[in-house]
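The block underneath contains the structure these notes are about, expressed in structure tokens.
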Amino acid sequence: MLDHLKDKLYKPNYYLSMYEFRELTLRRLQLFVSQRFFSVFDYLHDPLRFMAGLETLASVDYSLCIKAGVHFTLCGGTIAKLGTEKHHLAFLPRLDTLDLPGCFGMTELGHGSNVMGIETTAEYDEAAGEFVINTPTNTASKFWIGGAAQHGKVCTVFAQLTVRGKWEGPHVFVVRIRCDAGEPIPGVRILDNGPKAGLQGVDNGQLWFDHVRVPRDALLDAFASVGRDGAYSSAIPSVSQRFGTMVGGLTTGRMLIAQGAIDACKIGVTIAVRYGCARPQFNGKVVMSYLTHQRRLLPALATTYAMHLLGLRLKALYMRKRPQDAKAVHVMSSGLKAGATWSRVEILQACREACGGQGFLAANKIGPLKSDMDVDVTFEGDNTVMMQQVAKALLDSAPRGPPPQPPRPQADAWAPEPILALLRFREDALTAEVAGAIAAAAKAAAPRGKAAAAAAGGDAFEANLDRVLALGWAHVDRIAFEGFVEELAAAPAAAGPALTALARLYGLVRLERDLGFFLAAGALTSAQAPLLRSEVNGLCAALMAGDGRPALALCAAFGIPDHCLAAPIAFDWRAIGE
């Protein structure tokens with residue numbers, strides 16, 4: 001796949017208008033799909049192959065990756081997961097060849113994270129045996145729908161289902177929005193969202209449905225169905241549980257967003273470190289030899305490795321396909337998505353600044369990556385909501401009892417095991433703190449009844465959202481470092497010292513960033529604070545030994561081909577313009 005991306009069609013072109021870039025993105029996707037590297041059917045039968053194909057596209061153009069992801073993952077994957085054989089036969093073959101470009105109609109103008117509150121309606125007409133899809137208000141219009149503005153012909157539409165006057169909650173319908181000739185279907189109105197801050201190659205649009213009729217088989221019925229006579233049936237009686245089951249099957253999209261952020265960090269860090277190790281500034285010293293530069297880029301490199309390894313753990317857990325792992329997959333994917341994308345924001349900004357004016361040049365890739373990927377912190381789940389979901393899962397299973405005690409000091413306080421103990425202590429302490437606040441509020445309201453106690457607990461959760469967010473981060477930090485340390489045992493002997501230094505750097509920087517917590521909790525002493533800073537600086541120096549050979553080797557280990565790196569400053573920067 002990577003060799004195929006040497007084709008000149010994928011070469012970056014920063015001189016195009018929005019409409020030209022959209023057409024180029026479509027042509028690129030058509031060419032890639034024609035190679036049959038993966039299939040929409042792999043979404044069900046070979047998920048790793050499916051994800052690898054989409055991840056590869058992110059290395060050359062994120063617009064291409066997202067357009068492919070919307071079509072194959074969000075539209076095709078939804079039909080594959082939530083539909084049944086009749087849907088697979090009717091739609092997946094044409095989606096697989098891009099003959100039927102698809103889009104995903106969940107988000108509305110008035111509803112993003114609160115999908116249960118969407119306003120689009122689907123009412124079953126028993127006499128006709130059809131569903132009537134309608135947009136009752138402007139806030140119910142589908143918004144930010146990738147592929148809708150120009151190229152999409154079919155859409156998986158989330159709508160509130162009513163059967164025989166009874167509300168059954170959100171369900172998903174396959175709805176044609178354009179005919180094969182490309183004209184909007186009668187009753188469907190489409191508006192182009194226009195230019196965005198990035199991702200100009202993706203044609204996002206707004207959709208309205210004016211009592212559009214679709215056949216009964218348009219309902220994706222893996223979890224619920226409507227008979228010809230209007231009888232509704234589902235093995236999951238609860239509306240909220242049924243909806244949770246439906247959206248729970250769409251984890252792949254969240255995983256791909258996280259992986260895209262990680263891959264962008266690999267590219268950005270590699271460009272910045274290579275340039276920093278080659279660009280002299282003052283007295284012939286390369287800029288990477290300065291501690292300020294090392295402090296910017298080497299923790300970024302360490303974080304990229306930590307997120308990459310956590311992503312591999314998530315994929316392994318996901319591929320086990322065990323029902324008992326479903327909650328763990330949800331929690332880990334939510335945490336990784338938020339942690340990786342928020343880290344990506346910080347890392348690419350550090351890389352852009354570390355490259356000076358060259359970092360602002362589009363040809364050097366970091367700037368366009370920043371703009372194109374800025375959306376990843378809010379789509380496929382707003383990061384703040386994702387971290388709340390992580391924290392809520394921890395709180396739901398939190399043991400009752402006193403708060404944990406700080407770990408005992410060890411002789412080598414900065415070895416992996418003591419670092420992990422401190423990170424675990426922070427997670428446990430924050431869990432106990434927030435759980436205690438919720439329990440106390442619920443207990444105080446208990447005399448007024450169960451409903452009052454539940455409401456008081458919910459209010460306490462909201463009153464502690466700052467700590468809830470900190471808890472989500474603490475969990476991600478801990479499992480990322482834990483996984484990093486576990487991987488050290490399997491590392492080749494030659495790479496062991498550099499990887500160990502990188503793992504320790506990641507863990508120590510996480511401690512350093514929340515030093516106030518550890519000092520206040522008595523987990524670290526004021527005398528240890530300057531020692532922590534010195535240890536971080538020492539690890540940076542070790543990774544820069546021999547003119548930065550360890551750091552450069554760690555970047556090279558990402559295996560990014562030159563034609564995907566595609567930034568002049570990552571090579572012979574002195575030859576720029578020749």
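Backbone N, Cα and C atoms are what each Cβ position is placed from, and that goes for glycine too.
Features reported for this protein in TrEMBL:
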type	residues	note
DOMAIN	103-212	domain 'Acyl-CoA oxidase/dehydrogenase middle'
BINDING	THR107, GLY146	FAD binding site
DOMAIN	248-395	domain 'Acyl-CoA oxidase C-alpha1'
ACT_SITE	GLU380	active site, proton acceptor
DOMAIN	458-570	domain 'Acyl-CoA oxidase C-terminal'
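Overlay of TrEMBL annotations on the structure.
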residue	record	contacts (Cβ under 8 Å, 6+ apart)
THR107	FAD binding site	LYS142, PHE143, TRP144, ILE145
GLY146	FAD binding site	ILE66, LYS67, VAL70, LEU74, CYS103, PHE104, VAL202, ASP203, ASN204
GLU380	active site, proton acceptor	GLY253, ARG254, ILE257, LYS337
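This prediction places the mean pLDDT of the domain 'Acyl-CoA oxidase C-alpha1' (248-395) at 95.
When DSSP labels each residue, the domain 'Acyl-CoA oxidase C-alpha1' (248-395) comes out as 125 helix, 2 strand, 21 coil, counted as helix, strand and coil in that order. For the domain 'Acyl-CoA oxidase C-terminal' (458-570), the DSSP counts in helix, strand and coil order read 92 helix, 0 strand, 21 coil. DSSP assignment over the domain 'Acyl-CoA oxidase/dehydrogenase middle' (103-212) gives 6 helix, 55 strand, 49 coil.
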